[in-house]
Amino acid sequence: MQSAARSLAAPLRRPPPRRVLPSPLPRRLTASPQEDPRPDPGPGPSPDADPGLVSALSRVLSDFRGPLHDLPAALRGFAPRLTPDAAAAVLRRCRHLPVPSLRFFLFAAALPGFSHLPDSLLVLANSLAGARLFPLLRSLLSDLPPAALPRGLFPRLFRAYSRALLPDDAIRAFSSMAGFGFRPTLADYHSLLFALSHNGLVEHAETFFRESATSFDVSAKTYTILISGWAVVEKPESAQKLFDEMVERGVEPDVPAYNALIDALCRGDDIARAEEHLKDMQQSRGLVPDAATYGPFIRAACASKDARAALRVLDRMRTHNLTPNVFTYNAIIRLLCELGEIEEAYNILGEIIARGEKPDVWSYNTLLNAHCKKNEVNKALRLIARMDKGLCAPDRHSYNMLLKMLIGIGRIDKAVEIWDGMEERGFHPGAATYAVMIHGLSCKKGRLEEACSYFVMMVVEGIPPYQATCEVLRDRLTRHGLRDQLEVLIDRMRRSTSCTIQEMASIMCTNKKADETRSVSIEHELTGHGLDESEWRGKWKLGD
């Protein structure tokens, strides 16, 4: 029977059929038991890849993203120029398109004399696992030659299965490592426990820990991982029980172990007991608290909306010359913005920089969200400029918030200016950012034609619009009697190189009223400036 992965790549030259094993990982593959010396794939393309070829191939994968689209036929013309470096770069760029990436990977692998770079498999596995396409991933692995599987794939499988709340599959993946010639190490064991614990599956992690305790030398790190898992699910009593067990077994607790316990107690709102353990680690154990020790106290204060308490803990850290990580600083910034203390939030941002830390995009986006909610155009624009100077590029959340605010208050000229400057900053808008412009402009008097121009731009770029975007524009044009303009858009969609856009042209042809996806009025939605993209999509009822 043809494997699921290869059926997607048909028609292709296929190797002799192989047996597909029922386990999550095919045991018949073998490899050296030593640590894999190959580094994990980085985020960027190989410097040897032809940028023009990579861009062209990426566009083809985007245009032929559907399972019934004839992607192999569209790729054949590129076969003579395809190199392993170019294939790796395409897989990195198109990691958000898992099925086309898989079909491209199989197409390239079937070319005479072609051999993928080792990292390409890891990139593709991340893409498939991230989309929870585990049957396709298992099918792909069962089609690989014996020496193709890198050791670095297993931690990715542990994380992917755990994120998908499939603990049994994660544990089976760990158990099958020996079948591939990889003897599980303590690091692999900890990787599995960490993946389970930090995805809310700590009960499964502890059960496996009990069952396999004799197979590995248990250390303070092992207990720390499990204790932190109980912190994630906010069960401080279970965390305390494990900590006590660790001490009884003669395993000396270290600073990370105390930090995990303090975190669990703070999440459980037992600040007094957390303070007791803070004293105990210093007085009884002679341990010196680090920045991670105080972080839970700050985050607990922020969760309780107690800015003064959070700042008091920050003062204690300054006394000991300790610097919180950016994640903890961001919690303070978020709380101060929620309380309207924007100036104090900027002071915290300045402190991050002064202490040699680098604010991340969420540090800035939290402040930007506060300005956008108040329609503070100049302050928002100054913050964007500050991001540029601070070498922290605005992301899609930044631009979507800013554009929604500008369009909502009628500053279309400034919104267009921001849009035109996005490419210079290295940002290429996706469907969500186009939707902000199209939805916003379409409900502004006299701006419907501009909304259409952005829709055309989107089609030309090969970016499939959301169904709700098509419906909004269709209904606006129909309501204003602009049937000819609607026909022009439909024609452009039908002539698009993207098969998905061609198929979506039918949405523009229907005369049905917009469905429940647009039950909330556009005017009302433009007043919201959600910080989270998923929340923004939820308000608009937009799909991925």
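Placed from the backbone N, Cα and C atoms, the Cβ positions cover glycine too.
Taken from TrEMBL, the feature compositional bias 'Low complexity' covers 1-12, 20-29. The region 'Disordered' annotation in TrEMBL covers 1-52. The annotation repeat 'PPR' is assigned in TrEMBL to 219-253, 254-289, 290-324, 325-359, 360-394, 395-429, 430-465.
As a summary of secondary structure, the repeat 'PPR' (219-253) carries 26 helix, 0 strand, 9 coil according to DSSP. Secondary structure of the repeat 'PPR' (290-324) per DSSP, as helix, strand and coil residue counts: 26 helix, 0 strand, 9 coil. When pLDDT is averaged over the repeat 'PPR' (430-465), the result is 95.
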